[in-house]
Amino acid sequence: MTPWLAPIVWEGTYDLTVIDNIYKQQNITVAVTVFALGKYVRFLKDFLESAEQHFMVGYRVHYYLFTDRPDEVPTVTLGEGRQLTVIKTATSNRWQEISLRRMEMIEKLIEKELTDEADYIFCLDVDSKFYAHWGAESLGDLVGALHAWYFGTSREQFTYERRPESQAFIPLQEGDYYYGGAVIGGRLEKVHKLVKTCRMQLDVDRANHIEAAWQEESHLNKYFLYNKPSKVLSPEYLWDDKKGKPSYMKVVRSSQVLKNNAEVRPNP
Ligand SMILES: CC(=O)N[C@H]1[C@@H](OP(=O)(O)OP(=O)(O)OC[C@H]2O[C@@H](n3ccc(=O)[nH]c3=O)[C@H](O)[C@@H]2O)O[C@H](CO)[C@H](O)[C@@H]1O
Ligand SMILES: [Mn+2]
C-alpha cells in the first residue's frame, strides 16, 4: 500500500479469479495508445505480438497506433475482440518533442474518438515487450507505474524537475515515488484530465523557453504528486532488462527493450 492507501500491485497480492469476475461482468473495453514515429516502427512487431499473448487477454482491446510510417506497420494477427487503428501522425526532428507531444495527441484522441468507445486506457511506450501476464489487476481510476531505476531509492535521488521556473518543479523534500512515463493508465475521464493538465503545463513551459528534465515524464510526476494514483503498478510492469532480476522481482510482465538511442532517435 502507498501512504494514501492505494494498492501497489505485485505478484501474489491479488486474486485474479475474483478480479476477473468483477471486470468481465462490466464488459469493458481497454484502449491502448502507442506511438511509433520514425525508426521506432521497428519495435511494433514485438510490442504487438507480445501484447497479444500477455496484455489484457480475454478483454476487448483497441490499439490506437500513431505513426508517420503506416506502410511499415507489421501485420500482426489479433485475437478475438481485439482491433488496431492506425493514425497517421507527423513526426518531429527531436525525440524529446515526439515523446512529450504524446500528451496532446492522447488528449485529442480521447475527446474525439474514445468517449463512447472505451472504459479504460493505457498509454504505453512502444520500445517495450510483454513477457508475462498483465491483466485486469492493473485496472483502476488512475494508474501509475514505479520506474525500475528509482524503485527503492531515496526521494532526493529521483530525477524530478528541480528548477522552480518549470511547471514540473518538485522541491527536494517532496515527492512519493518516481513514476515512469512509459505507463499511464486509468478510466478515460481521469486520464483525460491528466493528459490535458500535463499538456497545458508543457505549453506554459514552452512559452517560457524551458523544457523539463524528462519532458512529459517530469510533468507526469508533478501531476501524480498532487493527484495521487488510485493504483500503483510495481516495477514488474515497467522493468528494464539492464537491471538484471533481483529477488523481489518474482515476475517481469513488461520490460524496456535494449535500444541504441543514437541509432533509433532523430537527434542525440
Ligand atoms: C521507461 C520510461 O519510463 N521511459 C520514459 C523515458 O525515456 P525513454 O528512453 O523510454 O524514451 P523513448 O525514447 O522510448 O521515447 C518515448 C516514446 O516516444 C515514442 N518515440 C520516441 C522517439 C522517436 O523517435 N519515435 C517515437 O515513436 C515511442 O513511443 C517511445 O516509446 O523518458 C521519456 C521522456 O523523456 C518518456 O517519458 C518515456 O516514457
Ligand atoms: Mn521507451
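Placed from the backbone N, Cα and C atoms, the Cβ positions cover glycine too.
Glu217 (active site, nucleophile) is surrounded by 24 other CB atoms, counting those within 10 A of its CB over all protein chains shown. Residues or ranges marked as active site, nucleophile by TrEMBL: Glu217.
Under the heading UDP-N-acetyl-alpha-D-galactosamine binding site, TrEMBL lists Tyr40, Asp125, Val126, Asp127. Within the same chain, residues at least six positions away from Asp125 (UDP-N-acetyl-alpha-D-galactosamine binding site) with a Cβ under 8 Å of its Cβ are Val34, Gly181, Ala182, Val183, Gln256.
In this structure, Asp125 (UDP-N-acetyl-alpha-D-galactosamine binding site) belongs to neither helix nor strand by DSSP; it is coil. What TrEMBL records for Asp125, Asp127 is Mn(2+) binding site.
Among the recorded positions Tyr40, Asp125, Val126, Asp127, Glu217, the ones whose Cβ sits under 6 Å from an atom of ligand 2 are, in sequence order, Asp125, Asp127.
Largest Cα to Cα distance within the recorded UDP-N-acetyl-alpha-D-galactosamine binders Tyr40, Asp125, Val126, Asp127: about 10 Å as a whole number.
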